[in-house]
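Comments concern the structure below.
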Amino acid sequence: MSTTSQASVSKTEQHLRSLRFLSWSSRLLIWSLISASALLFPLFDASPKLVISDGDAWTTKGASALLRWDAFHFLHIADAGYVYEHEWAFFPGAPALMRLSGALLARVFGAVSSASPQNARLLAMMHGGALLGALLDARCGVLLYELTLHHFGSSGFAYVSALLGLVGSSPAALRYAAYTEPFFAYFSFKGMLCCARKRWVRAAACFACAGALRSNGVLLAGFVGWGMVGEVVVSGRGRELTPSRIAYAALLTALPFAPFVWHNYAAYVLFCASPSSREPTAEWCTRTIPSIYGYVQDRYWNVGFLRYWTLSNAPNFLLALPALVPVLAFCMSYLRGVARILLQPVPAQSKRNDTPSPSPLASLRAFFTDPHPRPTDPFIRPSLLPHVLHALALSLTLLFAAHTQIALRVLPTVPLAHWALAWALTRLPRRCGRVLLAWYVCWALCACVLWAVFLPPA
């Protein structure tokens, strides 16, 4: 091994050790801040006391800080299954992980807590889910570092991106409570890294696990389809796509859709195929596409195109902008750069020799086969295209057809969100970059306190 390679490996090892230490240190800070705030400040909403009402006051009050917003639904589904129709807006992955991890802790809580057996079981699921989320989140920083290093080839940029990932715009949901985001981020990052290394079966399996946690997991199928088929076609290697290979790619690409299909199918069997004789058939059963997920999002959660665009929701948009703007700006910059490559002018020498102008298709093929395409922008790399399209689709959905403030906790599960922030810091004037970074840090601390006292954003 050369001296340069040894230095590179040594630097990578130093970065990874630093990330592991900072990951657990920052998590300890978040835990301390939320726990202290929950103990010192009154709750804006006393709902957690209705779920955990007895036992030692310090134990229950501190533990109830895990119970905010969607965590109520995850806990109820983990404990009793899908009882209410509106709960079908939540996928079964997180409740299942809470139930399994909680079973391992149930005896411990029963032995050391004065809470009732019911409360001990709930506490075990809450803490079990939070602990499992913390363990997986600790791996996310390493996975993000490795994925960034693969695409950009810069250990420094990989380290900065991973450090920005530790800040997080919603630290409580991402790094404290039993929420879908830490689980989803782990399986997403792991699957993307497997795609980068051409390990398609592992990637599809990881994306299927992510799809069992959040509906937007279906978007991850594009990474498999692009890597196995799309990239081969645009690189001019279409002849390699035999019928068996295409069928294999289609099977793996479809795998991330399986949890979404199963979730809706289970509801269809329950409500439509064998309804109770005493109850009328559910309204959504007669639709052309009988999807309970789309129905409950529409009826109970008011999710739809431009439905959130009201004056009363303006503060939520303002909160989400620092998370959305860097991602959208990076995507637009990347797509403009690719367009310039495809439409680059013919060199003067080619004109003198009457060499025909390269077609956009030929330029596209050259972009994916030339390791150093023009213009030489380190952020315009062929391997980033699926990441850009994925982040752009998700960001536009959050902006126009969702509760936009959830971008604070959804976008950090996308690697490009961290790359975009690092990119913005390199492009902005130093003072503006410091202001942006200071906002993220201050907001992360404020978000912990807001979570503890049960105030928005969710």
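Backbone N, Cα and C define each Cβ position, glycine as well.
Per TrEMBL, transmembrane segment is recorded for 21-44, 89-110, 122-145, 157-179, 200-226, 246-271, 317-335, 384-402, 435-454.
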- prompt: Who are the long-range neighbours of the transmembrane segment (89-110) in its own chain, taking Cβ under 8 Å and residues 6 or more past its ends?
  reply: 70, 73-75, 77-79, 117, 120-121, 123-129, 131-132, 178-180, 183, 209, 211-215, 259-260, 263, 293, 296-297, 300-301
Range from 157-179, 246-271, 435-454 with the greatest count of C-beta pairs under 8 A to the transmembrane segment (200-226): 246-271
Message: Counting CB pairs under 8 Å, which listed stretch among 122-145, 157-179, 246-271, 384-402, 435-454 touches the transmembrane segment (21-44) the most?
response: 435-454
Statement: Checking 246-271, 384-402, 435-454 against the transmembrane segment (157-179) for Cβ pairs under 8 Å, the most are found for 435-454
Query: Under an 8 Å Cβ to Cβ limit, what residues of the same chain, 6 or more beyond the ends of the transmembrane segment (246-271), are close to it?
result: 82, 88, 91-93, 200-201, 203-205, 207-208, 210-212, 215, 217-218, 220-221, 224-225, 228-229, 281-282, 284-285, 290-293
